[in-house]
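Student: Before we start, here is the structure in question, set down as structure tokens.
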Amino acid sequence: MSFLGHFQIFLFLYALLLLSAQSRKTEHDTESSDDGAEGQRWAVLVAGSKEYENYRHQADICHAYQILRKGGLKDENIIVFMFDDIALNPKNPKRGVIINRPGGEDVYQGVPKDYTGEAVNVENFLNVILGNKSGVTGGSGKVVKSGPNDNIFIYYADHGATGFISMPTGEALYAEDFIKVLERMHLLKRYKKMVIYIEACESGSMFEGLLKTNLNIYAVTASNAKDSSYGIYCGDTYPPSPPEYNGLCLGDEFSVSWLEDSELHDMRKETLKQQYQVVKRRTRSSHVCRFGSEELLKDYLVSYIGTNPENKNFSLASLTASQISNLSLVNTREIPLLYLQKKIQNAPVGSPERQEAQKNLLDEMNHRKQIDQNIIEILRVSLNQTNVLDLLTSTRTTGQSLVDDWDCFKTLVKSFKNQCGAKMEYGMKYAGALANICNMGVDVKQHLHRQGNKTQTFFWPSILSPFLGSQDTAAYTSASIEHSAMSLRINLHASYVSPDISLAFVVATEMTLLVHFGVDELPG
């Protein structure tokens, strides 16, 4: 063979080596080259709650961070919002450690503290994703410095309601405001493609009838616009959280589904559509929904969350996360009650810990009673009619936004929060009723100040005694629980509490009759 022939073969082999090297680089860092020429991957992770009882939200977010880092995203491209009051909380049995499943590894270690405490607020979040550093107050000041070739992943775990998701401080994040910022980002060419995952009750209402399909944004929510979301790995469920956690839920059903799926598989071989199907199948108690640009369904997850090189040989078909049993789940709005119930069970009779938990349980029950009363009065006064029960549950056709007048809705929600106090996790379930008032064209400012509070009182120590124990019953004989005849018109709502308690407790209020049975029944 001539010299020219040998030289051509050499060039051919050299080209193959270059292509192979480039392929290996792309496999690990698809659409995220070091020089940014092909675009970078950005991620914003938000735990929108605080307090130890909401442990699961920060656990979900910390777990997501670990997956992104193992997937090849750089710390400078991951921005974390969390109040950071869980890991070192005196109630945490493993100080400095957060786990997201029973026996799981510490997911807290190494998580950046970009925005904590009071810096976890809606203004900072919106300015961070817009890349507006001058609009950020407190925190690290890190923002998404993305361009037209970059992909953005947003994951938000929190309490939610019709039309908004919460923040631990300040105002909530309303769907209208979120959508406006996303549309502005699209107009400014701040991204190439965007994927959003939201874990919250009624989270579908953040996009239903609002997110356009031409923005190159694909969103997945834990529930539709009507459903609650559910906690997982809780006390008496299966598998349970360790006993020292007093029944606390370590994660959320939707979040655990996508997180554990992402841990197992090679994200270069799993598409967004495939993960949606897996998560929808595994999330059994709420209706997982998707919105936005379906063209992104064919994209591989590596383009947004990276992939762990250790999963190179695992395919979607070869390894699948275990199915979640219905016995593993708890309606997120019932978690505070279950946590206190477990604390009472575990504390010695007559101990200060038991007495404190009993007091806190009664306070929570009375708080919920007051919320139930307030919403009925708001509806009666606003609409000047007595038969208002239909407004509590009526919703719109799929594909329509649940809110027409956002200014009215925000005003009414803020007033309701002020009336009901700071803890709104339970009261949020009535946001749909507030939206219905605004959709009917009611002048809420004129009517809100007329809100009253008319109830009657009765005592129910004999019902509470199976839950509290005979020696504790006396502490509750003076506890008043208010109700009206309207409670008889509400369907019973059953939740799973504990297999060894035949009747945990009954709370009768003007709006709700909650009966917790020791059976395998969960709210649908």
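Including glycine, each Cβ sits where the backbone N, Cα and C put it.
Taken from TrEMBL, the feature signal peptide covers 1-23. Sequence annotations record features per position, and here TrEMBL assigns active site to H159. According to TrEMBL, the feature active site, nucleophile maps to C201. The domain 'Legumain prodomain' annotation in TrEMBL covers 359-446.
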Student: Between 0 and 100, where does the mean pLDDT of the domain 'Legumain prodomain' (359-446) sit?
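Tutor: That region's mean pLDDT is 80.
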Student: Within 10 Å of the Cβ of C201 (active site, nucleophile), how many other Cβ atoms are there?
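Tutor: Its Cβ shell of radius 10 Å holds 27 other Cβ atoms.
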Student: If you measure the residue listed as 'active site' to C201 (active site, nucleophile) at Cα, how many Å is it?
Tutor: 6
Student: Using DSSP, what is the helix/strand/coil residue split across the domain 'Legumain prodomain' (359-446)?
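Tutor: The domain 'Legumain prodomain' (359-446) comes out at 60 helix, 0 strand, 28 coil.
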Student: 10 Å Cβ neighbour count around the residue listed as 'active site'?
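Tutor: So the number of other Cβ atoms within 10 Å of the residue listed as 'active site' is 26.
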